[in-house]
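Have a look at the structure below before the remarks.
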Amino acid sequence: MSLSSKDKATVKLFWGRMSGKAELIGADALSRMLAVYPQTKTYFSHWKSLSPGSPDVKKHGKTIMMGIGDAVTKMDDLERGLLTLSELHAFKLRVDPTNFKLLSLNILVVMAIMFPDDFTPMAHLAVDKLFCGRALALAEKYR
């Protein structure tokens, strides 16, 4: 699913509105993913605590959202723009690419909760397209 120029503008506008709360969104979305999809906890077994609000969850939630912010700036070529991140997840972290979609779903839920007026159907569609493209780009090195 490719992003149209209208989709890109919508993503940039929405990101501009919500980026101030990106850290909170990331922590909440990661907490939700770990609770709803407990199999994802295996990637974080080295953390002291997987509880919502734990320092590790907050820190990684922030890292995730910084990565998404980076993807927003690289929407024109996600595959090339996220190549280093794809290599990291494929070869070092060995994350099952299915988890990119699971996390995306949880981020969408949190965005909808935190920004009910801004997260319109058009914003939802555009951000979901970005997340689909991001998941494909991150899975590139798995092929």
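A Cβ is built for glycine as well, from the same backbone N, Cα and C atoms used for every other residue.
Under the heading domain 'Globin', Swiss-Prot lists 2-143, citing sequence analysis as support.
Residues or ranges marked as N-acetylserine in Swiss-Prot (evidence: experimental evidence): Ser2. Residues near Ser2 (N-acetylserine) in space but far in sequence (CB under 8 A, at least 6 apart, same chain), listed by position: Lys129, Gly133. Ser2 (N-acetylserine) falls outside any helix or strand according to DSSP and counts as coil.
The annotation O2 binding site is assigned in Swiss-Prot to His60 on the grounds of sequence analysis. With a 10 A radius on its CB, His60 (O2 binding site) counts 17 other CB atoms from all the protein chains. In the three-state DSSP assignment, the secondary structure recorded for His60 (O2 binding site) is helix.
DSSP assigns His89 (heme b binding site) to a helix. Positions annotated as heme b binding site by Swiss-Prot, on the basis of sequence analysis: His89.
Proximity of His89 (heme b binding site) to non-local residues of its own chain (separation of 6 or more, Cβ distance below 8 Å) is seen for Val95, Pro97, Leu138, Lys141, given in sequence order.
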